[in-house]
Amino acid sequence: MLLMNEYAVPPLVLTLQQLTIGSLLLRTHLFSTGRLQPLPKNLSMNTQPIYYDFVLTGLFNALDFLASNTCFSHSSASFVETMKASEPLMTTAIALFFGIDSLSGNEAICFIILLGGVFCSTIANSSDPNTMNQEFHQSMKTACIVMIANLCFALRAKSQKLFRAHVDSQKMDDENLLMHMEQIGAMSLVIPVIIFELPGIFERIVNSSLQANWSYGVLAVTNAACFCTYCVASCLVLTKLSVVQYTCFNCLRRILAVIFTAIAFGVPISMFGAFGIGLCFLGFISFTLVHNQKSILPSIDSPTSILPLQMSMSREE
């Protein structure tokens, strides 16, 4: 937010900056630790489904952050976060639609309770008076862009899970996968940035002092490092969990953010917000217990059993 508010960095430039610097930092880290992996030999146009999932993972990841940065540049953070609370619904719907995950009746009930808690706590935490006073047109525009961001997030999760069904972590671990994802995303944004933002970039550099450019560079690298750290954690969790489990942990992340904000910045939590937090934790614990009980005897015909079988077949090949 500081880069967009204080330095007036356009969302398109900020997203390219995050992806480029983040991938460079990650590549440097992997090279220095001797863990830099080449692209798998079976990842080529000859294996089109795998190749397309690999490319789409990077594209959807970039579009997700571009849409999110666009929203934050035009609306208050509280309003955007309130709208983004619907993200688990979109991700779960995509996972169920493409058959890469499934929900039992009890899991669905627990998931609904969890989502209800997220909505309650998020809305209660939206204390910014501008949240409810924005112009209707701008609010609807922001809401539509947030839905696009949520859709891209869900499609990225879907593409990553399908890619992982054919390429396991031994051939490409999560950090190497993320590095390539960010490189693909950055390359997809280079031409739009050159066409729409290049003159403004040169103008800001020329008109700014050396100290201002240096401060901006330090802040940009710090922002990209935090961005990259978050993406690595997200990529790692998605590899180890099912898509629905991943969305549950994402819900919990939002609740913990509300609690941390209350503790660190002295933001009071209303009774309605506390009710939402308790409801979210209840839903999360219930879902985890029900899901773990179902996982003891997985059905061989269930959609969730397809991915492990495909991965084991890819290892044997």
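Glycine is treated like the rest: Cβ placed from N, Cα and C.
Positions annotated as domain 'Sugar phosphate transporter' by TrEMBL: 10-284.
Feature annotation from TrEMBL assigns transmembrane segment to 93-119 (among others). Proximity of distant same-chain residues to the transmembrane segment (93-119), defined by a Cβ-Cβ separation under 8 Å and at least 6 residues beyond the stretch ends, is recorded for 85, 151, 154-155, 157-158, 161-162, 242-244, 248, 251, 254-255, 276-284, 286-287, 290-291, 294, 302-304, 306-307.
Summarising the annotation, TrEMBL assigns transmembrane segment to 139-157 (among others).
Residues 12-13, 15-16, 19-20, 22-23, 26-27, 30, 39, 54-55, 57-59, 61-63, 65-66, 160, 163, 228, 231-232, 235 of the same chain, all 6+ positions outside the transmembrane segment (177-196), place their C-beta atoms under 8 angstroms from a C-beta of that stretch. Taken from TrEMBL, the feature transmembrane segment covers 177-196 (among others).
The feature transmembrane segment is assigned by TrEMBL to 216-243 (among others).
The transmembrane segment annotation in TrEMBL covers 255-285 (among others).
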Tertiary contacts of the transmembrane segment (139-157), defined by C-beta under 8 angstroms and 6+ residue spacing from its ends, are 56-57, 60-61, 63-65, 67-68, 70-71, 74-75, 79-80, 83-84, 86-87, 90-91, 93-95, 238, 243, 246
